[in-house]
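Colleague: This is the structure I have questions about; it appears just below.
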Amino acid sequence: MSFVTENPWLMVLTIFIINVCYVTFLTMRTILTLKGYRYIAASVSFLEVLVYIVGLGLVMSNLDHIQNIITYAFGFSIGIIVGMKIEEKLALGYTVVNVTSAEYELDLPNELRNLGYGVTHYAAFGKDGSRMVMQILTPRKYERKLMDTIKNLDPKAFIIAYEPRNIHGGFWTKGIRRRKLKDYEPEELESVVEHEIQSK
């Protein structure tokens, strides 16, 4: 490794790459642990420690120049962003989306069910009168698509999304993994719903 330490630019590049990899694994492991994916987190921690042992010894012993210190700090921050982006792309787990709507005529529950979503809905009452509340469980990778779909169907809907800590029983655990959502674009739904309302 002497050829690395003797070349200052190569040293800077090495510090950056090693620290990005190390902090990426560290960030992913922390997120996965919090989400309850213990075995995946353990596998990621193996890679994290491997990078630490192989690379960080070299890095830490060469932080005697200002460019190396700045590169180390920059690599650390980039590693956090990369780790979070990877976790977002993997989209592990599920999201619960609660929707409150005043538009009963839209028949949102059946519209969403026809697209492949599992929907539980019930009547509720707020300051401005009766409302329909829907609870929808969806894999995280479909969360953005579901949000866009609801906004196109009912732009005034009140939407809250959160990740459940534990799920047990009912349609959710048995059906959601087998259920496949229809291939559609959320923007296409607005004109369809408007046409249905006008035809009533």
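Positions of Cβ are set from backbone N, Cα and C atoms, glycine also.
The feature transmembrane segment is assigned by Swiss-Prot to 8-28, 40-60, 66-86.
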Colleague: At a C-beta cut-off of under 8 Å, are there same-chain residues at least 6 beyond the transmembrane segment (40-60) that contact it? List them, or none.
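Modeller: Sequence-distant neighbours of the transmembrane segment (40-60): 1, 4-5, 14-15, 18-19, 21-22, 25-26, 28-29, 32-33, 68, 72, 92.
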Colleague: State the residues, same chain only, that lie 6 or more residues beyond the ends of the transmembrane segment (8-28) and have a CB under 8 A from a CB inside it; answer 'none' if no residue qualifies.
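Modeller: Same-chain contacts beyond the ends: 44-45, 47-48, 51-52, 55-56, 58-59, 62, 65, 67-68, 71-72, 74-76, 78-80, 82-84, 86-87.
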Colleague: Who are the chain neighbours of the transmembrane segment (66-86) in space, where the CB to CB distance is under 8 Å and they lie at least 6 residues beyond its ends?
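Modeller: Residues 8, 11-12, 15-28, 31, 59.
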